[in-house]
Amino acid sequence: MNWLEAFILGIIQGLTEFLPISSTGHLYLGRHLFQLDEAGLFLDTMLHIGTLLAVFIYYKKEFIYLIKNPFSKLMLLLIVGTIPAVVIGLLFKDFFEDISKTGITIGWEFLVTGFFLYMADKXKNGRKKMDDITYKDAFIIGSFXAVAIFPAISRSGMTIVAALWRKLDRETAAYFSFLLSTPAIVGAIILQFVDVFQGKAESISSTSLIVGTLSAAFFGYIAVSWMIQYLKRHSLKVFAYYVWGLGILILTLQFTRVF
């Protein structure tokens, strides 16, 4: 894989990690549609590090606060919200990955993501701010994130939807969702590094790794800041229509054996 291909995958990872449209599903599509080489496990890991860097930069004040106050309510909320994903991920990760990395299943998963995004605005706008979030809220939001073990189910989409249903206001829903993404991204990186050290990763140039990581970080930061502002006044339906269209297109191409 050359540096330009790594740059493209970094853009895809950075934008789609935080827009509610599934990063894993889009990376799968990007490799096929642009006929890119398989990125390799090591580059996948570095792309996740790039998006993690984006979150750290955007939430630098919050992370400094968490370091200074490790037993704060915010830290406990993040721990409670992470528990469902940890349990599901450790128990069923390999099973779900084996059944999900085909065009047909990814197409259906995009349709499911679209359904939840469309239904997000059916409830009345909530008013909960960060200080109002309960541990029950965090656990339920985290449980929705655990569903994103399916590759084309959007983690950010599911957590934002759950947060809106739990009556968080729109800005806080996106804000907490992205903050909660940090443990999930860290967990994915750890699991991928285990595979890397077990010799499952393909070799790739250091230039491609650096370019892909920085690309994911840059575009990830843009996506986080834009999405939080966007959700203040806009519906998630546009994303629902997008992933529905994408899912229908993928299924059509699969059934006609074009893709």
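Placement of Cβ uses the backbone N, Cα and C atoms for every residue, glycine included.
What Swiss-Prot records for this protein:
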TRANSMEM  1-21  transmembrane segment
TRANSMEM  39-59  transmembrane segment
TRANSMEM  71-91  transmembrane segment
TRANSMEM  99-119  transmembrane segment
TRANSMEM  133-153  transmembrane segment
TRANSMEM  174-194  transmembrane segment
TRANSMEM  208-228  transmembrane segment
TRANSMEM  236-256  transmembrane segment
**Report entry** Spatial neighbours of the transmembrane segment (208-228) far in sequence, C-beta under 8 Å, 6+ residues away
**Finding:** 1-3, 5-7, 9-11, 13-20, 39, 42-43, 46-51, 53-55, 57-58, 156, 171, 174-175, 178
Query raised in the report: Which listed stretch (39-59, 99-119, 174-194) has the most C-beta pairs under 8 A with the transmembrane segment (71-91)?
Result: 174-194
Report summary line: If you count CB pairs under 8 A between the transmembrane segment (236-256) and each of 1-21, 39-59, 99-119, 133-153, 174-194, the winner is 99-119
Query raised in the report: In the same chain, who gets a Cβ under 8 Å from the transmembrane segment (133-153) while lying at least 6 residues past its ends?
Result: 22, 24-25, 28, 76-78, 80-85, 87-89, 92-93, 96-97, 100-101, 105-107, 109-110, 112-113, 159, 161-163, 166, 168, 172, 176-177, 180-181, 184, 247
Report summary line: Among 1-21, 39-59, 99-119, the stretch with the most Cβ pairs under 8 Å to the transmembrane segment (174-194) is 39-59
Query raised in the report: Residues of the same chain, at least six outside the transmembrane segment (39-59), with any C-beta under 8 angstroms of its C-beta?
Result: 1, 5-6, 9-10, 13-14, 17-18, 23, 27, 31, 178-179, 181-182, 185-186, 188-189, 192-193, 195-196, 200-204, 208-209, 212-218, 220-221, 223-225
